[in-house]
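Asks: So TrEMBL lists the following for this protein:
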DOMAIN    55-321  domain 'Major facilitator superfamily (MFS) profile'
TRANSMEM  60-82  transmembrane segment
TRANSMEM  94-113  transmembrane segment
TRANSMEM  120-139  transmembrane segment
TRANSMEM  145-167  transmembrane segment
TRANSMEM  179-202  transmembrane segment
TRANSMEM  208-229  transmembrane segment
TRANSMEM  286-312  transmembrane segment
Amino acid sequence: MKMVMRNNSEPDSRSCVSCPEQHPPLQLQALQITVLNLALLACFPGHALPVLLLSATVSLLGGLIFGYELGIISGALLQLQIDFHLSCFKQEVLVSSLLIGALLASLVGGILIDRHGRRRAILVSNVVLLVGSLILTLVRSFIGLVIGRMTVGFAISVSSMACCIYVSEMVAAHQRGLLVSLYEAGITVGILLSYALNYIFADVDEGWRYMFGLAIAPTAMQFLSILFLPVNPVKLSSWDSDCQKGLIQLQDTEDRAAAKQEPYKEKHYSFLDLFRTRDNMRRRTLVGLGLVLFQQFTGQPNLYCFLAFIALNALMGENSI
């Protein structure tokens, strides 16, 4: 980056690297992002397509991991109740531990993502998920199972928040719908994959260890994929142009022109603004809450966790589950 001088020979406070006392965090972050993206540009010289494909891979794998962890407990629970002599209450605790971890992540995940960035949040969630999967693979106690599932729940919750935001900000407006929908497709594929592995390892001694441990593979793939993706350049439009020369631009010409005409301006909202008419926030909140609440009221998410029990009892002709 260069030092931009004004007509009065005073250094520009926005882009002067030699004046760290004025805006050190901004300049340091701009330098880090530029260096990183220049390195990534060297990996994909003149081609945005590989970066676009990697973005799609990150989105798809994020959904796949979410769906896999949601459905894998169904078949694993059949073996766990025998190996650990689980009562009905303990089975319910084990199933709900994933949701407890996800709830904790939902309370702090947004803050972490805004403070440390979407890319870093996904990387951290991958590391946490790897730790949780290792705990579940090597565990020897019921408490360890609960801790492992809570860890996994925390990780997939943070990842689900960060993945869609990161991918949508990485690509042009006309590509966002496709890439975000890949996340939903990944969830479906992940659930189907978990049921297939439930069937494969159903008769294997301690097969539940393999079921939980195989989540390491897509997690490692997502971690490696996102290492080759740039830091999000969304907030850089308000910086000096010299801070952006090394950035990989995935957007087309029209999107970049629109971004220049309408520079990024971060809006601040309070919690009460969610229920006010400002920027149509009330309707957005009602739609978002309605979709989630009606989905939960149907009881459909619980079927994923107990589908193996339902199928087993249906085949055996029992009247209760």
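Indices start at 1 and increase along the chain as displayed.
Backbone N, Cα and C define each Cβ position, glycine as well.
Because TrEMBL annotations are produced automatically, they should be read as predictions rather than curated entries.
What's the neighbourhood like for each of these?
Replies: In the predicted structure, the domain 'Major facilitator superfamily (MFS) profile' (55-321) carries a mean pLDDT of 83.
Sequence-distant contacts of the transmembrane segment (60-82) (same chain, at least 6 residues past either end, Cβ-Cβ under 8 Å): 91, 94-95, 98, 122, 129, 145, 149, 152-153, 156, 159-160, 163-164, 182-195, 197-199, 201-202, 206-208, 211-212, 215, 218-219, 221-222, 225, 301, 304-309, 312.
Using a Cβ-Cβ cut-off under 8 Å and counting only residues 6 or more beyond its ends in the same chain, the transmembrane segment (120-139) has close neighbours at 58, 62, 65, 109, 112-113, 145, 147-152, 154-156, 158-159, 161-163, 166, 209, 212-213, 215-216, 219-220, 222-223, 226-227.
Here the transmembrane segment (145-167) has Cβ contacts under 8 Å with residues 55-56, 58-59, 62-63, 65-66, 69, 73, 80, 84, 93-94, 97-106, 109-110, 112-113, 118-119, 121-122, 124-126, 128-129, 131-133, 135-136, 139, 176, 179-180, 183, 212, 215, 232 of the same chain, all six or more residues outside its ends.
Only residues 6 or more beyond the boundaries of the transmembrane segment (286-312), in the same chain, are considered here, and those with a CB under 8 A from a CB of the stretch are 70-71, 73-75, 77-78, 95, 191, 195, 198, 321.
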Asks: So if I exclude everything within five residues of the ends of the transmembrane segment (179-202), which remaining residues of that chain have a CB under 8 angstroms from its CBs? That is, six or more out.
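Replies: 55-56, 59-72, 74-76, 78-79, 160, 163-164, 167-168, 170-171, 208, 210-211, 214, 304, 307-308.
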Asks: Mind checking which residues of the chain, 6+ beyond the ends of the transmembrane segment (94-113), have their Cβ under 8 Å from one of its Cβ atoms?
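Replies: Tertiary neighbours of the transmembrane segment (94-113) are 69-70, 73, 77, 80, 86, 121, 124, 142, 145-147, 149-158, 161-162, 165, 305-306.
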